[in-house]
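Copied over from Swiss-Prot, here are the features:
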{"type": "ACT_SITE", "residues": "D288", "note": "active site, proton acceptor"}
{"type": "BINDING", "residues": "L130, A131, S132, A133, S134, I135, A136, Q137, V138, K153", "note": "ATP binding site"}
{"type": "DOMAIN", "residues": "124-502", "note": "domain 'Protein kinase'"}
{"type": "TRANSMEM", "residues": "501-521", "note": "transmembrane segment"}
{"type": "TRANSMEM", "residues": "522-542", "note": "transmembrane segment"}
Amino acid sequence: MTPGEVRRLYFIIRTFLSYGLDELIPKMRITLPLRLWRYSLFWMPNRHKDKLLGERLRLALQELGPVWIKFGQMLSTRRDLFPPHIADQLALLQDKVAPFDGKLAKQQIEAAMGGLPVEAWFDDFEIKPLASASIAQVHTARLKSNGKEVVIKVIRPDILPVIKADLKLIYRLARWVPRLLPDGRRLRPTEVVREYEKTLIDELNLLRESANAIQLRRNFEDSPMLYIPEVYPDYCSEGMMVMERIYGIPVSDVATLEKNGTNMKLLAERGVQVFFTQVFRDSFFHADMHPGNIFVSYEHPENPKYIGIDCGIVGSLNKEDKRYLAENFIAFFNRDYRKVAELHVDSGWVPPDTNVEEFEFAIRTVCEPIFEKPLAEISFGHVLLNLFNTARRFNMEVQPQLVLLQKTLLYVEGVGRQLYPQLDLWKTAKPFLESWIKDQVGIPALVRAFKEKAPFWVEKMPELPELVYDSLRQGKYLQHSVDKIARELQSNHVRQGQSRYFLGIGATLVLSGTFLLVSRPEWGLMPGWLMAGGLIAWFVGWRKTR
C-alpha cells in the first residue's frame, strides 16, 4: 500500500469506530491481538451512543464521501443482505455534494468539443449548475443550431482516480468481512463490491448513458405512458452528455400533482405498466427509477405521462429469465409453492441436486404468512425478496439482473402507492403477465420463432449442399479407413481371437480422434481422449498377439 492509501484506510477505520460500528462484530470474533491493535492504533470511543446502529452507519458513510455514499445507496437495495432497519437508513443517503466551479465545467465542455469556445455551440450557457451530484453536474443552455433548450451533463474532473483509490480500499475491507462476521461468507462481500464497481464505472461513461436513453426513447416512441427526453449524440462524449431540457412535476410532489388535476389512480397504474412493459416486452429496463429521476408532464393531467431521466443504470433479462420470473409470480399468487420450487431448479438459479420437497416447504413457510394481508397490499418486490432469501439458503447464486429488477420493482411499488395508496399491483400486473406467457407458447410463438430464424436459414441455404457433401465425404472416408484396417487385421493369423477386437477398436478410436481433432477443434479434450483410448486398446491387442 502507498502512504496515501494507508492514511486513507486509517481515516476510514477511525470514522467507523467513532460511530461505534465495531458493534457489528461479535465479541467472540474480536481476538486479543485484534483488541490490542484496535486500542493502540485506533483509540476512538463511540461518539454517537444516542443513535441507533442503522443511523450511525448512514452518518459514517455520509462522512466518508461520494464513493461511500453511492456504495451505501446500492447496499440499501440489497435487502437480501441486511435487516430492514439498516436498509431503510441506507436508503436515506443523499447523493448531493457541493458543485465544482462552473468555469471548470465550461473548460471541460470546450475540450470535449474540440477546443472551440462554448459560445460556438451553445447560447445562454448558465455557469451556475442546475444540479450537482457525486459523479457529475448539470448546466443549462440552448443549442445554437436550432435554439432548443438543453441540459449539459459533465463528469466531475479527476473523479476517476478518487473512485479507484476508494474502491481498492473497499475491496481490502470486504476481504475481512468473512473473518469478522459469522454470516460473512453468505454475504459474499467481494461479489457485492465487484457489482458496485461495475455500476459505478458504467456511470462514468456518459456515452453509455446516452445510448441507454436513445434506446428507451425508441422503445416508448409515441407511447402515452412514458417520455424520454431527446439526446443529441453529436454533442456527446464519455465525459459529456447533451439532452433536451424537460419541465415536469417531481413524482414525489403529490400535492402539486393533485393541484394540477392529475388522475392519480391512472398515473399509479401506468407506473406498473411501464415497468412490466420494459421488462417483458423490451427486455431493457430503467434500473434507477427512484423519485429523483421520474417526473410527470404538466400537459393532459387527466391522461398523465411519466418523464424519465438519468438512464445510466439499466437492466436486461434473457428470454428464459423472463419466462421463469412471470411463471414464478403467477405460481406464487396461486399458492403453488411446488411450482415455484421447480421453477427455481429448472432455471438453474439453484443447484440441480436441490431437494425440491425441502425447498417447497421452506418457500411455503416464508411466503404463506404474506397472504394474511389483503391481496392489494402484497408487495411484488418483497415477494421476490422472500424468494431470493429462501433460495440463498439452498445455495442460489447471486443473479445481478434479478437484484436490479427487484430493486427497481421496490421503487415502482413505493412510488405507485405514494401516488395512490389503494393501488392493487397484482390486479394491474396479472393480465400483462398472463398475456405475455400465453404469447410465448402455441402457434403464434412458433410463427414468431420461424420469422426470427428465417433470415439466418436463408443466409446459410446456399452453403447447405456443400456442408452436406463435406459431411458425407468425411464420414465415407472415415468408414472406408476403418473397413480397410479391419480387413488388414482379419488377414493376420493371430494366436488369440480377442486381439482383433482390441486392434479394431483401437484403430477406430485413433482415427475418430484424429478426424475430430482436425474438423472439430472446439470439442476440446475429447479427440485426445479418443486417441489415448485407441492407443491403449491397440497396445492390449498387440500384447495378445505375443
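Cβ atoms are placed via backbone N, Cα and C, with glycine included.
Source: prediction; values computed, not measured.
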Candidates S132, S134: member of the binding-site residues with the richest Cβ shell (10 Å): S134
Fewest Cβ neighbours within 10 Å, where candidates are the recorded positions L130, A136, V138, D288: L130
Site extent for ATP, whole Å (max Cα pair distance, L130, A131, S132, A133, S134, I135, A136, Q137, V138, K153): 14
Local backbone state of A136 (ATP binding site), from DSSP in three classes: strand
Distance [Cα-Cα, Å, rounded] between L130 (ATP binding site) and the residue listed as 'active site, proton acceptor': 20
CB-centroid shell, 8 A cutoff, ATP site L130, A131, S132, A133, S134, I135, A136, Q137, V138, K153, site residues removed: P99, P129, V154
The residue listed as 'active site, proton acceptor' and S134 (ATP binding site), distance between Cα atoms, whole Å: 16
Cα-to-Cα gap, V138 (ATP binding site) vs the residue listed as 'active site, proton acceptor', nearest whole Å: 18
Overall pLDDT for the domain 'Protein kinase' (124-502), taken as the rounded mean: 83
Coarse DSSP state, helix versus strand versus coil, of D288 (active site, proton acceptor): coil
Alpha-carbon spacing, D288 (active site, proton acceptor) to A136 (ATP binding site), which is rounded to whole Å: 16
